[in-house]
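Asker: What follows is a structure written as structure tokens; I'll ask about it next.
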Amino acid sequence: MGIKIYNTLTRQKEEFKPLREGEVRMYVCGPTVYDYTHIGHARTYIAFDVIRRYLEHKGYTVLMVMNFTDIDDKIIKRANETGEDPKELAEKFLKYFLEDMKALKVKPADIYPRVTEHIQDIIDFIRKLQEKGYAYEGSDGVYFEVRKFKDYGKLSKVKLEDLVKGARVEPGEGKKNPEDFALWKKAKPGEPKWESPWGEGRPGWHIECSTMSTKYLGESFDIHGGGSDLIFPHHENEIAQTEACTGHEWVRYWMHTGFLMVNGEKMSKSLGNFVTIREALERYDPEVIRLFVLQRHYRSPLDYTEEGLEHAKNNLERLYNTLENIRVAMERAEISFKWGEEEFEAYEAIRDGRKKFYDAMDDDFNTAEALKAVFEVSNAINRYLTQVEKPKESILRKAWEFFKMVSEVFGIFEDYFREQKAGEEEALIKLLIDVRAQLRKERKFDLADKIRDELRNLGIQLEDTPQGTVWKRIKV
């Protein structure tokens, strides 16, 4: 069975078929960098990080783009409040965002395009819309004429007549109809501005993502993601302007994360009920936050509670205890000449757990169900280790490989496995140094030199000192 993805556009799960075999091109809406990023945002970016990791684990080459909105009404407003330069303010919070993502072990996007570095691309996109009759110039900017795009509402299921009902154009607005949205905003005194065919100004919000995604991923690509709050109007407007420009389908699969809730309300800066990522990281390990997010399906609402985070913390400790139990047991493990009932039970638990994990992740990246499989394997291995005096090396190796796979997909245990690998490498190097010393004692210098030379080819340089042989890593 292949991967199935819930497509917001069709409101159903669909078999995942990328446009290009073996390659996935995906775009995730990035932040407007005017403040610290909160845990609600972290939920979205961790979810798409795991989706990307799983696609890569399944053998796809993934090209991932995430934009930065570094000029916007919110940035200008905050800069006016603080007295900072809007560019410097945006640069500061962009840097903080990247630091937060690194702390949360979210893999960097392949490309992070910034709005301010793509102004000419945006102008060119708007001109195409004008040429095709979808955009017009008003007194205060350039607008997209929504009524001319016949498929408007296909993502959000919003009806145009409902938008128009009771709405009106505010005095001073230069648009024809209340539902039309800005593509280019003419500059107000003191605002950042760029030259354009319509006078000095800056881009509207929605046009940025259409321009930058098509520039780097093409006029059609596989996945567009973001939080559920972006479905309307942002993603709806993106579809309208992009498909009006290109004349064909833009994105094949639309994916949206559920809200992070606090006391029954969506966590948001506007409601003032948010916890920044930095505040959360002061209290909890990054892997606790990742596990907290993964305990719920990415489309389901997630309640932000101390109890939930403590539960994730305890679960993470349980899994680390299992890893340590396996590592320690390796020291007394024996080669398998025959299996008993305990080995067959442990093997079947690992086999079944792996299948359940893949089945869950193939079913619209259901991390909650996949985690259940992880704990089933964890419990089975701990039970096995209490049942036998000398565990079989083959069983422990299969369990170890299972948890390495989980680490690769979920982005947890990565430092642990890295340290274990480093420890194994050091032990092997020490063994080779001891073998080489023995060969030198036996005057088998050719073989001793071969060990030295081969290690050097691998980036390990041996140095013979009066105190013994030492080693260091070198570039080769």
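Glycine is no exception: its Cβ is also placed from the backbone N, Cα and C atoms.
Straight out of Swiss-Prot:
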- CYS29, CYS209, HIS234, GLU238: Zn(2+) binding site (BINDING)
- LYS269: ATP binding site (BINDING)
- 31-41: motif ''HIGH' region' (MOTIF)
- 266-270: motif ''KMSKS' region' (MOTIF)
Asker: Would you mind ranking the binding-site residues CYS29, CYS209 by how many other Cβ atoms sit within 10 Å of each Cβ and giving me the lowest?
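Answerer: Least crowded of the binding-site residues CYS29, CYS209, by Cβ count within 10 Å, is CYS29.
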Asker: In terms of DSSP three-state secondary structure, what is the assignment for CYS29 (Zn(2+) binding site)?
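Answerer: Its secondary structure by DSSP: coil.
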Asker: What are the other residues, in sequence order, whose C-beta lies within 8 angstroms of the center of the C-beta atoms of CYS29, CYS209, HIS234, GLU238 at the Zn(2+) site?
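Answerer: The surrounding set, listed in chain order, is TRP205, HIS206, GLU208, SER210, HIS224, GLY226, LEU230, HIS235, ASN237.
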Asker: Would you mind reading off the Cα separation of CYS209 (Zn(2+) binding site) from LYS269 (ATP binding site), to the nearest angstrom?
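Answerer: Rounded to a whole number, the Cα-Cα distance is 22 Å.
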Asker: If one measures from the C-alpha of HIS234 (Zn(2+) binding site) to the C-alpha of LYS269 (ATP binding site), what distance in angstrom results, rounded to a whole number?
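Answerer: The Cα atom of HIS234 (Zn(2+) binding site) is 18 Å away from the Cα atom of LYS269 (ATP binding site).
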Asker: Whole-number Å distance between the CA of GLU238 (Zn(2+) binding site) and the CA of LYS269 (ATP binding site)?
Answerer: 23
Asker: Please list, in sequence order, the residues in the chain of the residue listed as 'ATP binding site' that are at least six apart in sequence and whose C-beta is under 8 Å away from its C-beta.
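Answerer: Counting only residues 6 or more apart in sequence, the Cβ neighbours of the residue listed as 'ATP binding site' under 8 Å are ASP35, HIS38.
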Asker: Quick one, of the binding-site residues HIS234, GLU238, which Cβ has the fewest other Cβ within 10 Å?
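Answerer: Minimum Cβ neighbour count within 10 Å, taken over the binding-site residues HIS234, GLU238, occurs at HIS234.
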